């Protein structure tokens, strides 16, 4: 009667159990005389209890028996239920999975493990047996053919494969086991996620293992347009981002379909060499490493590896947007000088300028304006960058003036949410900074001299452009020419017949004559200052020369430029007194007249023999900054403002042509435009300017200060480009009835010629834009004269 007692005990368990799905250890003998409704292998559905076998009423029990060759008594009650439909569903759910997996792994024959298997099957009824084995971590069961044949069978709803499931559970041993059994690396789930998509949000080890096996889906998109790299970014898995980049992930694939990425793949490779120069918190917002960069060097390295400079992150923001929000001015300047588009709107339509204004970042606002940010762009709310700037705060009032001073428009009349700073019929324009101290006002005298000029009608050609020296302040020349170009609506090289330049002005003259755009020149100068002015003075000439070669080419000569005529100044230092030399792309007056060269000095190089980069190197050989270029030093030692020397050269050239009977080639000067590199503030000299024989220790200290001050004065006068130098040129033109226009903005501080500080340079260039905007009437007049003389 023992079997009866056991059966009675099992029935009591059935009736008293709180959880009908709890797996219970039972005796197999207890079910010998119980009705069997369904059987599959060792899984048996018993019932009904207390009813007839032909009747579906009563209670049912699902029991898993251990094979008889292993045990005659061991069995497990899987579930108990009083409804046939439920019991039948449970049986159908378990019959193809439970017996097979426990028979493949004997260690699973215990109530705890079987309970785990059953719970998993109930929670994930669409998983096949391979999915089940994967989650249970039983790698050995894949040797069983009944399970192995499901290795590459996907789940019905999500389409996930057992390998993808192992990746999700971050079980690297199971991942390796499935790979050893030839699990597919090319499988895509229902959302088009590859194994790399799933691995991208797990850990470095799993991702490296999969990348080593296959990279075919490295850059594939899922149904939302995201690549594995995007998934790693969104999950903020920085190590996974590094692994994908090192594996060759294309950073130019954008999540957003709003703009297409570069056709050229951007495979930047490992970024482990500069981890401290990437901002980790930005990675979760997606984008490219450009969005995460914190230094100029990283940005340049990424762009050189074809990283799309205008790629968008998850918020549809470019790297420029991020740099503005993070207040990374150096990165912002670097991106702009590499020609990043500063007028792309984010998901809210805000351009980087909108964000810079909103953040109250003066330096970023100025920088964006310098590089052409559109002040008329509206965001998705229809607001201009000027809209809503808080006028009751000092930063707000300053930024308002920054925008207003170069012509930022007010909001249209229909806008109802405006304040004093942007409302269409208000007059408040912010707070103007104090003007720099000047030497004196010559506006009246200059205007009187300008009145004495003849009507240009009937004249042709003879238009002269003169560009001063000044090192990095040559950026001022570029910005002024960019403003002039807007009025003439044509390239500057088409507007002038003669261009003279000294030092930085000479380099710019060569670039303009080579038909490089002024925006390219702006980018070139920012690149040059970061690369050439590196280390201590004198700077490495090799770097400087490499930039010039890259810009002008190795083999382009002066003679290759036919128009306009160029006069690039330099100083010949193989004699005393030193002499001014002009590099030309035409015959000099001496060559026209066949005047023999003066011995014993070397004959100057012919235009056909001198390369453009050599001319640029010679005119820019500033003493103590760069080594001399053979017998040539910077032209600024003699002619930092080359206007009068250019006029002298033209007169001599015309005279030589007349002397040999070529009057038809003579074109008198008809217009002079002289551009300076900024008028620095006048400052008080506190030291005595007295050099004498000292008679005491006190006199010795005064002597030292006197010599130092005298050195400053002599250097200032030797490189003078403003003041009486300009007055003489203006007077010369006035006396010959030639229109003369001089542009040189007052700047708030003395910018040294090798300054690399972006904060100082962007402020200087904004002041230049303000100055040119204030002289818009004269620019219009000048543009008309240029067109009439064409």
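Numbering starts at 1 and runs along the chain as it is shown here.
Here the Cβ of each residue, glycine as well, is placed from N, Cα and C on the backbone.
For the repeat 'ANK' (158-190), the mean pLDDT of the prediction comes to 93. What TrEMBL records for 158-190 (among others) is repeat 'ANK'.
Feature annotation from TrEMBL assigns repeat 'ANK' to 224-256 (among others).
The residues of the repeat 'ANK' (348-380), classed with DSSP into helix (H, G, I), strand (E, B) and coil, number 17 helix, 0 strand, 16 coil. The repeat 'ANK' annotation in TrEMBL covers 348-380 (among others).
For 465-647, the entry in TrEMBL reads domain 'PNPLA'.
The DSSP breakdown of the motif 'GXGXXG' (469-474) into helical (H, G, I), extended (E, B) and coil residues amounts to 4 helix, 0 strand, 2 coil. The motif 'GXGXXG' annotation in TrEMBL covers 469-474.
Marked as motif 'GXSXG' by TrEMBL: 501-505.
Counted within 10 Å of its Cβ, the other Cβ atoms near residue 503 (active site, nucleophile) come to 34, all protein chains included. Summarising the annotation, TrEMBL assigns active site, nucleophile to 503.
The 10 Å shell around the Cβ of residue 634 (active site, proton acceptor) contains 29 further Cβ atoms across the protein chains shown. Positions annotated as active site, proton acceptor by TrEMBL: 634.
Using a Cβ-Cβ cut-off under 8 Å and counting only residues 6 or more beyond its ends in the same chain, the motif 'GXGXXG' (469-474) has close neighbours at 502-508, 525, 529, 533, 622, 625, 634-636, 640-641, 676-678, 719, 721, 751-756, 761, 764.
Across the repeat 'ANK' (158-190), the DSSP tally of helix, strand and coil residues reads 16 helix, 0 strand, 17 coil. Cα-Cα distance from residue 503 (active site, nucleophile) to residue 634 (active site, proton acceptor): 6 Å (rounded to the nearest whole number). Remark: secondary structure over the repeat 'ANK' (224-256) totals 17 helix, 0 strand, 16 coil, with classes taken from DSSP.
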